[in-house]
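A short write-up of the structure that comes next.
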Number of protein chains: 2
Amino acid sequence: MKANLVLLPGDGIGPEIVESAKSVLEVVAKRFGHEFQYTSCLIGGIAIDETGDPLPQDTVDACRQSDAILLGAVGGPKWDDPNAKTRPEAGLLRIRKELGLFANLRPIKMFDQLADASPLRPDIIKGTDILFFRELTGGIYFGQSGSGEVDGHESAYQSMVYSVPEVERIVRLAAKAAQGRDNRLTSVDKANVLEPSRLWRRTAARVMADEFPDVQYDVVLVDAMAMHLINRPADFDVVVTGNMFGDILTDEASMLPGSLGMLPSASLGDGGPGLYEPIHGSAPDIAGKGIANPLATILASAMLLRHSLDLNEEAAAVESAVQEVLADGLRTADIARGGDSVSTEVMGQAVTAKLA
Amino acid sequence: MKANLVLLPGDGIGPEIVESAKSVLEVVAKRFGHEFQYTSCLIGGIAIDETGDPLPQDTVDACRQSDAILLGAVGGPKWDDPNAKTRPEAGLLRIRKELGLFANLRPIKMFDQLADASPLRPDIIKGTDILFFRELTGGIYFGQSGSGEVDGHESAYQSMVYSVPEVERIVRLAAKAAQGRDNRLTSVDKANVLEPSRLWRRTAARVMADEFPDVQYDVVLVDAMAMHLINRPADFDVVVTGNMFGDILTDEASMLPGSLGMLPSASLGDGGPGLYEPIHGSAPDIAGKGIANPLATILASAMLLRHSLDLNEEAAAVESAVQEVLADGLRTADIARGGDSVSTEVMGQAVTAKLA
Ligand SMILES: [Mg+2]
Ligand SMILES: [Mg+2]
């Protein structure tokens, strides 16, 4: 197939890890007979430096015309001045908005070779492989807010709101993803207390019954899910939830593998291009040293292959290659636990060598 | 000192574990020269059976006149009929409301002797000793809610609201508790996104600066706290937060020790009697068998001594006695991990023997 990919290297270690992931995509294209075109665009601090805008219009246009976008990371101390007119992170928020990306995908997968890094006991973390779908553009973070006097006391409020279409579209995405995995979906809410959670639960149940009767479906309360992630994380397949609950639960879950440098993410909308990136930041302290861990970005490129290009075999090949280099004992400094470590380049080349 | 204590044994294993904790309180009174009076009252399912009401007025009156209340547990399959006019749990919600209990205290303490039971690696869980203060009567769980059409779509909402006095009173309680511990308080909010969290953060900062300048104070975002509980739980002393964040975080934290049968809790108001109970339920499946773990209720009675009667030395003595019986190798079935176990009575007597 042919695909137009936009690369947004961004700041800090962004360029190094995106370069590494691009090499992997190039090898995949060659091996599987695809033609990927790459356009590199500015975002974040470097875009501020060169254009004054963390998301130049050229970048938006290129992203709109692309099939998928691979992002490194944005931000750094250089642009941290609180009096600055704009910040690198504003570029990231705006591109998500411009593209209507309402679903944030966060896989939490334990690589057996790194089980020692988990804060959980090996017998509990073993086999953990969860794919979270967090609703990204609704809920209380975007609800009406305000402050004023209530009964003579200074008060402030903010509303959690969900509408039926907002729930339908993310549940559909999550259920489809479940069909490509272990065919199980868990919806997390607080329907015993919250009105928008009751709407969420009702709507999700209807979508699942009408459109995905083959997918095994259950519901869990958010406080119970916060417990399950610690004492039986291996029991879950795909998990779908609202914006705030997803924020808390995916951050909690991101601790389980014990190595943030391994975790990719994706943001999807309806149809248009998806945005793929590592969950770690721009790590300005190690930028340019050639020691950053490229595996989260490489795994993000595997997600890109699967979710935006529908290239499941290719995605699985990349993921297997990552597992193999870990099994070979290769480690970047962040996951070496004091042992020998290799450079970004060596790690990237090891993955491409497995794929060639 | 003299104190009037109300016992609310409730349902299931409630009577057995409250009896055990009462024996401990009696030994404490004798050893330290106090005079505790006990009044046993009905609550929950047994109160429904005997009076038709899960919280008879006699119980409310006795609680109001008491210095503190020790509760076992309520509920069971006998009263689970969804068509029933009332449920055992309604008694618990009402007594909290009648007494104005706005602060829920949840200590999460790792007993070194039980470190193997934790889902976390021993090196991470070691030394964990957190006291959570969860606001219990405000926030989104009690906010205005509703549903209707928004832009032609069925929608539902619920508002998170906090007022300055609601924040002040719980921050004061938490800060005072910190002074009796390691003198450190962490406030958890989502002030980067939520208006009521901004009011919370502003108010908490003012109370701490004006009234508790000696207490080391910091703030953490709720999603970050969900991470810290997994990878550095031993770093926290007292943690104060709102109702929903507290619900999620205390449930998450309750998994850390790996034995729910060890965890007590308290609900406090302004001045009046506090309510003390284990966080586990009425365990109807093992009720009457004499094998329930009484330690959570015994530890709840230690909290009662400390927080309602200001008997810190006595509270510490009870907690030490619990540690000692664990060090002696005594285990009830729920914490025996397949090894030898003792009865509720033997465990209770072992604790009183250490105190006598
Ligand atoms: Mg977060
Ligand atoms: Mg809960």
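Placement of Cβ uses the backbone N, Cα and C atoms for every residue, glycine included.
Per TrEMBL, the feature domain 'Isopropylmalate dehydrogenase-like' maps to A:4-351.
Annotated NAD(+) binding site per TrEMBL: A:76-89, A:281-293, in sequence order. According to DSSP, A:Ala287 (NAD(+) binding site) sits in a coil region rather than a helix or strand.
Long-range C-beta contacts of A:Arg134 (substrate binding site), restricted to its own chain and to partners at least six residues apart, with a cutoff below 8 Å, comprise A:Ala103, A:Asn104, A:Leu105, A:Arg106, A:Thr241, A:Gly242, A:Asn243, A:Phe245, A:Gly246, A:Asp247, A:Leu249, A:Thr250. For A:Arg96, A:Arg106, A:Arg134, A:Asp223, the entry in TrEMBL reads substrate binding site.
Around the Cβ of A:Tyr141 (site 'Important for catalysis'), the same chain contributes A:Asn243, A:Met244, A:Asp247, each under 8 angstroms and 6 or more positions distant in sequence. Taken from TrEMBL, the feature site 'Important for catalysis' applies to A:Tyr141 (among others).
When other Cβ atoms within 10 Å of the Cβ of A:Lys190 (site 'Important for catalysis') are tallied across all protein chains shown, the result is 26. The annotation site 'Important for catalysis' is assigned in TrEMBL to A:Lys190 (among others).
Residues annotated as Mg(2+) binding site in TrEMBL: A:Asp223, A:Asp247, A:Asp251. Packing around A:Asp247 (Mg(2+) binding site) is summarised by its Cβ count: 22 other Cβ atoms lie within 10 angstroms of its Cβ, all protein chains included.
Those binding-site residues from A:Pro88, A:Asp223, A:Asp247 lying by chain B, with Cβ under 8 Å from one of its Cβ atoms, are A:Asp223, A:Asp247. By neighbour count, meaning other C-beta atoms within 10 Å, the densest spot among the binding-site residues A:Gly76, A:Pro88 is A:Pro88. Counting in whole angstrom, A:Gly76 (NAD(+) binding site) lies 20 from A:Arg96 (substrate binding site) by their C-alpha atoms. Here A:Ala283 (NAD(+) binding site) comes close to A:Gly12, A:Ile13, A:Ala73, A:Ala292: these same-chain residues lie at least six apart in sequence, with C-beta atoms under 8 angstroms from its C-beta.
For ligand 2, the neighbouring binding-site residues among A:Gly76, A:Asp80, A:Arg96, A:Asp223, A:Asp247, A:Ala287 are A:Asp223, by Cβ distance under 6 Å. Classification of A:Lys190 (site 'Important for catalysis') by DSSP places it in coil, neither helical nor stranded.
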